[in-house]
Amino acid sequence: MEAIDELSQLSDSMRQAASLLADEDPDETSSSRRPATSLNVVALGNVGAGKSAVLNSLIGHPVLPTGENGATRAPIIIDLSREESLSSKAIILQIDNKNQQVSASALRHSLQDRLSKGASGRGRDEIYLKLRTSTAPPLKLIDLPGLDQRIVDDSMIGEHAQHNDAILLVVVPASQASEISSSRALKIAKEYDPESTRTVGIISKIDQAAENPKSLAAVQALLSNQGPPKTTDIPWVALIGQSVSIASAQSGGSENSLETAWRAESESLKSILTGAPQSKLGRIALVDTLASQIRSRMKLRLPNILTGLQGKSQIVQDELARLGEQLVSSAEGTRAIALELCREFEDKFLLHLAGGEGSGWKVVASFEGNFPNRIKKLPLDRHFDLNNVKRIVLEADGYQPYLISPEKGLRSLIKTVLELAKDPARLCVDEVHRVLVDIVSASANATPGLGRYPPFKREVVAIASAALDGFKNEAKKMVVALVDMERAFVPPQHFIRLVQRRMERQRREEELKGRSSKKGQDAEQSLLNRATSPQPDGPSSTGGSLKSLRDKLMPQDKDKDKEKETPEVSGLKTAGPEGEITAGYLMKKSAKTNGWSRRWFVLNEKTGKLGYTKKQEERNFRGTVTLEECSIEEISDDEGEKSKSSKDKKSNGPDSKGPGLVFKITCRVPYKTVLKAHNALVLKAESMVDKNEWINKLQKVIQARGGQVGSASMRQSLSEGSLDKMVRKPVDPEEELRWMSQEVRGYVEAVLNSLAANVPKAVVLCQVEKSKEDMLNQLYSSISAIGNERIESLIQEDQNVKRRRDRYQKQSSLLSKLTRQLSIHDNRAAAASSWSDNSGTESSPRTNGGSSGEDWMNAFNAAASGPDSLKRYGSGGHSRRYSDPAQNGEDSSGSGGSSRRTTPNRLPPAPPQSGSSYRY
């Protein structure tokens, strides 16, 4: 009975869980309306099989009419509930939530009268009774009319038997046990429960078949699981069926009359069925069998229900998190909620801004795309046109004529051009401001708490937008100040370098002029020496001796003359379909050691890049130079060698340095590097031919990509005659002014590049970082300045939201309770089932294998032989053929079973103490 009580609690929990999973109101009144079929017991049998007597035995009171005049003519449903405080004789009838104490005889006569009145008609109205006693298990008993009556059809049976959890009680009288295979009740049970997982067989009226050996043999075969194949998977229980009536008739006011009757019933059954398992005899065995079947059915449903509850719990928690906490009905609570919502909004804002969600990537896109493009599109060509530069310089009030010192005009030009950078900077600030405003709107929409209070959401967006406007104004002031800073102060060193470079140009021109005149003098002296030297007439001539003496004294000059007479060949290699790739060795000056390293250089004219490797066989460049923003100029060997150590000079010798083999590659933008971290790349060719070819090709690439070439290298590429003409020309004022404008443009471009790098930093500082740090403070200060009435008007919760929150809170509480209860019941039910299966191995229909049809017929033949053969089924002459496997020393698990259901591999707890705990 205790097991039934636990199953009743489990059934109630499962009913509430089903209501929750069906999204019904978790209130007990509404969930109780959902029918629970796990504790339903449907009695199936023919007229006179003893169905009502068996149900009376379960109730503990003769409530249902029995006998010929009490045949069931309509379905009778008795909903039982157990109350231990009642006496064993008390019966409480519940009608419309009202309790009325009645007697068993009064209920029986009332039911008999109703059945008699309805016998004339063909009505199928059910009779429903709700009883509360201390003797009955909490089950719902359904007594159907006899299956052989005309009023019984498939729809009436299916209405109650089709539920997956309803227990089917197949009632067969002992006198018809030998004909069990043809029982209609068994066929119907097999139709609705093919695996017999919710079927219990009852053999009633054992006392009436005590004198029929054949019937007793068939009963013992069924109880010993040796019946026909269709009965071996059904647990069978034997009952007398009249124990309750006998106890009621013989009761003399004792509370133990029912227990006495049930013990008497068990003793009578033991004396009649001497070879049957004792665990299958009597009313107590019936209750245990019902509990086992109900537990098995519930165990199948529990995992799915628990899984559904876990998923439902997650859904409920997500909804509660989305709906938020309940609003506190006070001024302080309302203000606290407002500040907490500001905190939630700020978290979402930072997530969108710093985490890259939403439109955060547009800030970086503005810095890397739109703003640099606007800087590059500034009309520098128009401002640095020679005519415009000349006009500005002429209009400026310089200290000296502009050809000598046009400093003031050039300063004015620099300020005018840098003024153009203010508009792109302001546009960059406006773009970032629009992005931040979009992020504010997206963050407000993504904040769950603000969604519940639309007026407060609009207020938060307005406060945040006003704060962003202030940050935007500060950022505009900052970027304009950056531009004005560059405009206001042009370093004097820039103009000093202009003069220095002009003087350097003049010095180089003088050097080139001196070199050309020296070459002419050397050529004239060589011709004079050849003309004055005598021809060698013989070996003893004086001229010959003088020539030989000169050859001995000047062997090196002779070798040099031979080298001059032999034309040099370039060592560079070309490749590609159009010869666009040039490769060869160059000496690269190291910045660390100040020494020269021989490297393999490769120039790609299509890509405009110069790369080098340590060896010719290497495939990956150690460094590359982009020639687009570079300039090339020739430097003297003295400048290239001045950083060499004296040790290197001694090792190379006095004549190791070649004449004019060094040139330098630099970047037109002062703060940029050419190669790795170096601002200049100093190279030295192996010969003058290689140098000229390298310089010509590098100049070609640089000029094709908009670069500029140093003046020295340009003059070096000209012929000597044209160079002399250029040196002898007077200074061209326009050429000088053009050169100065180019220098000033280089400075302006460097400043613009610097602004392109620094303006985004100012924008990030004044707008992005400022909004990260001060957004919450702005919200807090603005909300704190609002009055209580204004805040309460802004934070008004929707009533629908409030009702939904209350509903989900109830569901959450009930879900946690049901999950805990069902988990405990699942473990207990599994443990109890495992213990029951282990302890009842001898009598369990699923542990013993089903007997064949031949064994079934032998049992009838032995019963028909006479009393001597029947003794073999008693306790003294127990037959080994039909005896229990445990008594034969056989392993019950090894017998050939038909459909054995294994129990879970879980260790059960210690079994409960049996004895007086079964009061009923």
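The first residue you see is number 1, and the count goes up from there.
Cβ coordinates come from backbone N, Cα and C, glycine included.
For reference, Swiss-Prot has these:
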type     : residues                : note
BINDING  : 45-53, 204-210, 246-249 : GTP binding site
COILED   : 788-812                 : coiled coil
COMPBIAS : 507-522                 : compositional bias 'Basic and acidic residues'
COMPBIAS : 548-567                 : compositional bias 'Basic and acidic residues'
COMPBIAS : 641-652                 : compositional bias 'Basic and acidic residues'
DOMAIN   : 35-303                  : domain 'Dynamin-type G'
DOMAIN   : 579-703                 : domain 'PH'
DOMAIN   : 737-830                 : domain 'GED'
REGION   : 507-577                 : region 'Disordered'
REGION   : 632-657                 : region 'Disordered'
REGION   : 828-920                 : region 'Disordered'
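For the domain 'GED' (737-830), the DSSP-based tally of helix, strand and coil residues reads 87 helix, 0 strand, 7 coil. Following the DSSP three-state reduction, the secondary structure of Asp207 (GTP binding site) is helix. Its Cβ placed at the centre, Ser204 (GTP binding site) has 27 other Cβ atoms within 10 Å. Taken residue by residue with DSSP, Lys51 (GTP binding site) is part of a helix. Note on the domain 'PH' (579-703): DSSP counts are 31 helix, 45 strand, 49 coil. Counting only same-chain residues at least 6 apart in sequence, those with a Cβ under 8 Å from the Cβ of Ala210 (GTP binding site) are Leu216, Ile272. Here Lys51 (GTP binding site) comes close to Ala43, Leu44, Gly45, Thr72, Asp143, Leu144, Gly146, Leu169, Val171: these same-chain residues lie at least six apart in sequence, with C-beta atoms under 8 angstroms from its C-beta. There are 16 other Cβ atoms within 10 Å of the Cβ belonging to Gly48 (GTP binding site). Working note on the binding-site residues Gly45, Asp207: by count of other C-beta atoms within 10 Å of each C-beta, Gly45 ranks first.
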